[in-house]
Amino acid sequence: MYYPFVRKALFQLDPERAHEFTFQQLRRITGTPFEALVRQKVPAKPVNCMGLTFKNPLGLAAGLDKDGECIDALGAMGFGSIEIGTVTPRPQPGNDKPRLFRLVDAEGLINRMGFNNLGVDNLVENVKKAHYDGVLGINIGKNKDTPVEQGKDDYLICMEKIYAYAGYIAINISSPNTPGLRTLQYGEALDDLLTAIKNKQNDLQAMHHKYVPIAVKIAPDLSEDELIQVADSLVRHNIDGVIATNTTLDRSLVQGMKNCDQTGGLSGRPLQLKSTEIIRRLSLELNGRLPIIGVGGIDSVIAAREKIAAGASLVQIYSGFIFKGPPLIKEIVTHI
C-alpha cells in the first residue's frame, strides 16, 4: 500500500503543517469524482447503538476534521461514523504554535491545540454541503474566554445550531487544553450541565420532530470514585452514550522520549491500556444501561477487539489513523 511512502513524506513536515497539507488535498477532492482516489470498499457490519444504525463499528474520532471540511472524502475511506469538531460557538485560534508533537517511537501524539476552529456557523454550512451516508457526530465545546461558570451556555448555543444536522451530539468536557474544562466532569457542575443539556435536547426534539442522541466524552485520568460519580450522573440524566476516552496527562509510558515533556494531552498507542481500563471499569459500573464508544490508542485489529471486549459497542480512531493511514480502516472493519 502507498501509505508508508506518504507517511514518510508527511513526517518530514511539522505535524500541524502535515495536517494542513493533507486536509488541503482532501478539500480539493471532497465532493468530486476524485474521491475515488481514497475510496475503499469495506464490508457492511451494521451496529445498532443509541437508537442509530452504524454501517460498521469503526468511527473517526473528533479532532481531525474540526470544521467538517472533508466529511465526504473521509467517509469514502470506509468509516461507519465520523465525529467532527470540537466546535465552539465563536471562532477561536486555539493555543500558540507549536502545539502538536509526534512521539514517533511510541506512535503517540501530544496536542495542546485548544479547540482551534472556525465556529459553529461555519461548520453547519460545511455539513449542509456533505453527502456522507454514515452517522455524523458533532462534538461541541466551550470557547476559551467563556467563564467555566457560564460554560453550559456555549454547549446550548451549539446544540441549537447543529441539532438538525447531527446524527448524534458529543459533549466534550474532557479536553485538558481548555482551562477549567475538566471541572465540568465533577459533582454539581456536571449535574447542572447535564440537566441543561437534557432540557435543551427535549425542546429541540419537539421543535425538529426528531431525537438526536447525546454522548458525553470523558477523560482517562478519572479516579475510581470520580468514574463512579460520572457513571451515576450519566444514568440519572438519561444521557444516551459515553465516549471513553479523551487524551491523557499521564506520561508514565513515554518517559525519556523526544517531546514527552510537552504540555498537552497524550494520545495514540501509549493511551491504549489506560483508556481500555477506563472502559472496563465504566462498563461494570453502567451494567449495560448506556453504550460506550471506545477510543484511545487503537492502531490494530487487536487493540479494537480489546476495547470491545472491555465493553465498548463502537470504536473510534485518530492517532492510529495518522500513523497507519486508510489501510487501518479496512483492516479493522474487515477483521473486528
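Including glycine, each Cβ sits where the backbone N, Cα and C put it.
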Among N116, N122, N139 - the residue Swiss-Prot places in the same FMN site as A62, G63, L64, D65, K66, T86, N172, K217, T245, G268, G297, Y318, S319: N139
Additional residues surrounding substrate, by Cβ distance to the K66, N111, R112, M113, G114, F115, N172, N177, N246, T247 centre under 8 Å: G63, T86, G94, S175, P176, T178, G264, G265
Distance from S175 (active site, nucleophile) back to R112 (substrate binding site), taken between C-alpha atoms, in Å: 9
Using Cα positions only, nearest of the recorded positions to G268 (FMN binding site) (G114, N172, S175, N246): N246
Same-chain residues at least 6 apart in sequence whose Cβ lies under 8 Å from A62 (FMN binding site): E83, I84, G85, T86, G137, N139, A170, N172, K217, Y318
G268 (FMN binding site): tally of other CB atoms within 10 A of its CB: 24
Integer Cα-Cα distance in angstrom, K66 (FMN binding site) to N246 (substrate binding site): 15
